[in-house]
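Trainee: For 229-241, the entry in Swiss-Prot reads compositional bias 'Low complexity'. The N5-methylglutamine annotation in Swiss-Prot covers Q151. Residues or ranges marked as region 'Disordered' in Swiss-Prot: 140-162, 217-241.
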Amino acid sequence: MRSGVIAQKVGMTRVFTDAGEHVPVTVLKIDQCQVVAHRTVEKNGYVALQVGVGKAKVKNVSAAERGRFAVAKVEPKKKLAEFRVTEDALIPVGAEITADHFIPGQFVDVTGTTTGKGFAGGIKRWNFGGLRATHGVSISHRSIGSTGGRQDPGKTFKNKKMPGHLGVERVTTQNLRVVRTDPERGLILVEGAVPGVAGGWIQIRDAVKRKLPADVPLPGKFRENGASAPATEAPAAEETA
């Protein structure tokens, strides 16, 4: 079981296959996704990798967190996440996982926070049918109707579907196909929609319900800490500094 990565949702576009068919894809960008720490059975009781992505302002990082980043010899990260892995899939601390960690054609599971919709009624939130348009119904066409019995049971049961806040929930979309990767720009293109808004953080991992292709890199595709980046990445890094 390999590590996943943290990416940022850029938006949606489409790509064309050799047969001329267009495929809708979501563009995900990896921005210096580095391994920050290891979790081991001896010390933590399980095996995992802690990875971080993005650059955080030092003033927004606590002293304890700054110390952990200093031990790992990485810059303070804006977003952290843990991924359970097997012993043979541990990546060295400080290594930067690149976009070609995933290969075209393989399936991945993506996790993100859905777009917030605010307070929503039963029709929008739960796909209720609403009441009749005529025959005595007035004003309450989009109401949810009865929420419980009268004397028996004489209450509304817990978890009854009712109006309320919609969105801002952690959702995992499974079995999305990787269409293309661009290691030089840190881009991963996956087929279909990904939960969340543009700019939101997305976790990408190998699909748990699909067989892993035999040619995926193990433990993963990464650059050692301090290794030189490809020449095409150097100007972009200077511009963002």
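In case you wondered, yes, glycine gets a Cβ from its N, Cα and C as well.
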Trainee: Per DSSP, what is the helix/strand/coil residue tally across the region 'Disordered' (140-162)?
Mentor: 0 helix, 0 strand, 23 coil
Trainee: Give me the non-local Cβ neighbours of Q151 (N5-methylglutamine): same chain, 6+ apart in sequence, Cβ-Cβ under 8 Å, ordered along the sequence.
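Mentor: In sequence order, no residue meets the Cβ cut-off.
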